[in-house]
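Worksheet for the structure shown next.
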Amino acid sequence: MPYASLSVKDLTSLVSRSGSGSSSSLKPPGQTRPVKVIPLQHPDTSNEARPPSIPFDDIFSGWTAKIKRMRLVDWIDTLFPCFRWIRTYRWSEYFKLDLMAGITVGIMLVPQAMSYAKLAGLPPIYGLYSSFVPIFVYAIFGSSRQLAIGPVALVSLLVSNALGGIADSNEELHIELAILLALLVGILECIMGLLRLGWLIRFISHSVISGFTSASAIVIGLSQVKYFLGYSIARSSKIVPIVESIIAGADKFQWPPFLMGSLILVILQVMKHVGKARKELQFLRAAGPLTGIVLGTTIAKIFHPPSISLVGEIPQGLPTFSFPRSFDHAKTLLPTSALITGVAILESVGIAKALAAKNRYELDSNSELFGLGVANILGSLFSSYPSTGSFSRSAVNNESEAKTGLSGIITGIIIGCSLLFLTPVFKYIPQCALAAIVISAVSGLVDYDEAIFLWCVDKRDFSLWIITSTTTLFFGIEIGVLVGVGFSLAFVIHESANPHIAVLGRLPGTTVYRNIKQYPEAYTYNGIVIVRIDAPIYFANISYIKDRLREYEVAVDKYTNRGLEVERIYFVILEMSPVTHIDSSAVEALKELYQEYKTRDIQLAISNPNKDVHLTIARSGMVELVGKEWFFVRVHDAVQVCLQYVQSSNLEDKKSSFSKRYGCNNNSSSSNALLKEPLLSP
């Protein structure tokens, strides 16, 4: 018979010592051979052993210890993350790379910023304003060294959608509300960063984000088609009104803007794909928007086609300081502010962490969120609308081998020079050229590859992608986000309330126990059910767990193929190593389940609970109720003990049937042979 350990005393003596203190002590009848197990150390639940309960002690103790260890340099690095790379900056090695990366992103950002401002329903100059001050602020307070912030397509669409119902894009109120929105977004980002609440956004599935982004990209692209067609279309975040207005105005179609816009779009797409495909030509990807702007401006300047609308006069000079106004609408803008903050966490922080890992430096998500918040707050004081990290520009910045935040400062200098010297030229930029830049940028956001992947891997996530994208397209951005998040949370709650539970069997030739459905060769023992609960146990799922345990008492029989033949279940072993938490409701339910088992002469055994779970069970009195001898370190130890009891319970019946069959009631050798039957088949 295999032994679990040779250094501990046998179970018989353990039961005899602890049996008096246990409400249920199942002693095997007759003579039994010793079964040795690894002893489980039970926690001390006396009042003297319990630490004093201090509210929020666990939360603040770590912070207090960290603050005490911080030096002046650590405080400076925390408040101003830029000092981390300033102290170690290698001018001879890094400056040339940062300079080229900053110039490349700046050339890409100037036309994109104006295009995204038009998408947000703002004059193009506000796109440049949003690319100026926030970039310098983020270079000081931001943790990422490659993230390129500024206007992005998705946030611009959210701004346009939020403000469209309050003020017309031609009104001054529309601009004031966009600036106020930047202030509100910055405040929310700072609060979430300081309170370290960025983890809340993890409950939104990646499928929801992908579906929402793909649908939003389609809406953005269709909203820009009006500059190609030469006539106005409905301003909406729903696809049906946009398509209806496109069809209704087909008789107003004009060829010149369509041909120019299509030509620029083709050039942008070709340059983008060539830049991605060939590393030595990656500068083409960044130069695409500028090429489109130069080409469109040249055509408009030379031929003066009357059907092609131009950007018009743009104010010259840097933005001036002014405090946001129109706080009367702040309450109305709060939902959109929260949504933009969520986009910042999911996209900007996600991109920043990926770039930090790729370039091998540490980045704290909450510190990054705080840096974005400060950039938006100070940006709103200089006429900026909400800014966040751009995936495309950050990718170009990283591919250009930017090493530090100095590349962002250089990008900001290029924007400043554009505001000071180039705005007179910008008035000749065709609207269709800016629209082509937006369509080219958002075309990569339609993530159909992700939908195909989800279809092949997980149909549930694919359904979540379809639900989110469909509701966003047909019912608007807010409804799409709410429905997607709602379904995402519903799936999380369903998984939590209906956890995976497995019946375990022993793998042949080992002492390892695994799921019998996953390993068909694993075998179980008659009279014993081994169940593993693969989730925390709490009030929401304990009822489901109890129902499954009752079912397994019957259903497990079809898998049994080892051990003595018995007519019923004697033991239920709970493998609790995957259980990370158990609450009071679950403990009370387990007590009720134990009492229910007791009425049917079934003994409950518990294997390998972790420290916190074991302590909760001990404090509830369940250890004394079940009996300390029925708590084990390993499943194999529990099975040894249970098999000993099962065999002992059926030993007399087997001896009697043997004597009747062979007519030798006093055959000692036969009896001894029976006693020597191995308990655990290898």
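Including glycine, each Cβ sits where the backbone N, Cα and C put it.
Bear in mind that TrEMBL entries carry predicted annotations, made automatically and left uncurated.
The compositional bias 'Low complexity' feature in TrEMBL is assigned to 15-26.
In terms of DSSP helix, strand and coil, the domain 'STAS' (518-642) has 59 helix, 26 strand, 40 coil. Feature annotation from TrEMBL assigns domain 'STAS' to 518-642.
Taken from TrEMBL, the feature region 'Disordered' covers 15-53.
Feature annotation from TrEMBL assigns transmembrane segment to 94-114 (among others). Counting residues 6+ beyond its ends, the transmembrane segment (94-114) has Cβ neighbours under 8 Å at 124-125, 127-128, 130-131, 148, 150-151, 283, 286-290, 292-293, 311, 390, 392-393, 396-397, 400-404, 406-411, 413-415, 418, 422, 426, 429, 433-434, 437, 441 in the same chain.
Feature annotation from TrEMBL assigns transmembrane segment to 120-141 (among others).
The transmembrane segment feature in TrEMBL is assigned to 148-167 (among others). Note on the transmembrane segment (148-167): residues 105, 109, 112-113, 116-117, 119-122, 127, 130-131, 134-135, 138, 142, 173-174, 177-178, 181, 213, 216-217, 219-220, 223, 235, 237, 329, 332-333, 336, 339-340, 343, 347-348, 372, 375, 385-391, 393-394, 396-397, 408, 411, 438, 441-442, 445, 476-478 of its chain, located 6 or more positions outside it, place their CB under 8 angstroms from a CB of the stretch.
Summarising the annotation, TrEMBL assigns transmembrane segment to 173-195 (among others).
According to TrEMBL, the feature transmembrane segment maps to 207-233 (among others).
Within its own chain, the transmembrane segment (253-271) is flanked in space by residues 227-231, 284-285, 287-289, 291-292, 295-296, 299, 305, 307-309, 430-433, 435-437, 439-440, 443, which lie at least six positions past its ends and keep a Cβ under 8 Å from the stretch. What TrEMBL records for 253-271 (among others) is transmembrane segment.
The feature transmembrane segment is assigned by TrEMBL to 283-303 (among others).
What TrEMBL lists as transmembrane segment is 333-356 (among others).
If you look at the transmembrane segment (368-385), the same-chain residues 6 or more away from its ends with a CB under 8 A from one of its CBs are 81, 117, 120, 122, 126, 129-130, 132-135, 137-138, 141-144, 149, 151, 156, 159, 175, 178-183, 185-194, 198, 319-324, 344-345, 348-349, 352-353. According to TrEMBL, the feature transmembrane segment maps to 368-385 (among others).
Annotated transmembrane segment per TrEMBL: 405-422 (among others), in sequence order.
Note on the transmembrane segment (429-446): residues 111-112, 114-116, 118-119, 124, 153-154, 213-214, 216-218, 220-221, 224-228, 257-258, 260-262, 264-265, 268-269, 272, 288-289, 292-293, 295-297, 299-300, 308-311, 392 of its chain, located 6 or more positions outside it, place their CB under 8 angstroms from a CB of the stretch. Positions annotated as transmembrane segment by TrEMBL: 429-446 (among others).
Below 8 angstroms of C-beta separation, residues 157-158, 161, 203-205, 207-208, 211-212, 214-216, 218-219, 236-240, 335, 339, 451, 460, 540 of the same chain, each at least six residues beyond the ends of the transmembrane segment (466-493), sit close to that stretch. The transmembrane segment annotation in TrEMBL covers 466-493 (among others).
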Mean of the pLDDT scores, which run from 0 to 100, over the domain 'STAS' (518-642): 88
Would you call the transmembrane segment (405-422) and the transmembrane segment (120-141) in contact, using three or more Cβ pairs under 8 Å, pairs 6 or more apart in sequence? yes
The answer for the transmembrane segment (207-233), taking Cβ pairs under 8 Å and residues 6+ beyond its ends, is 119, 153-154, 157, 239, 242-243, 245-246, 249, 252-254, 256-258, 261-262, 307, 309, 346, 431-432, 434-436, 438-439, 442-443, 445-448, 450-451, 454, 461-462, 464-470, 472-473, 477, 480-481, 484-485, 487-488
What else in the chain is close to the transmembrane segment (333-356), if you only count residues 6 or more beyond its ends and a Cβ gap under 8 Å? 142-147, 149, 152, 154-155, 158-159, 161-162, 177, 180-181, 184-185, 188-189, 192, 198, 201, 204, 209, 362-363, 365, 368-369, 372, 386, 388-389, 391, 394, 398, 477-478, 481
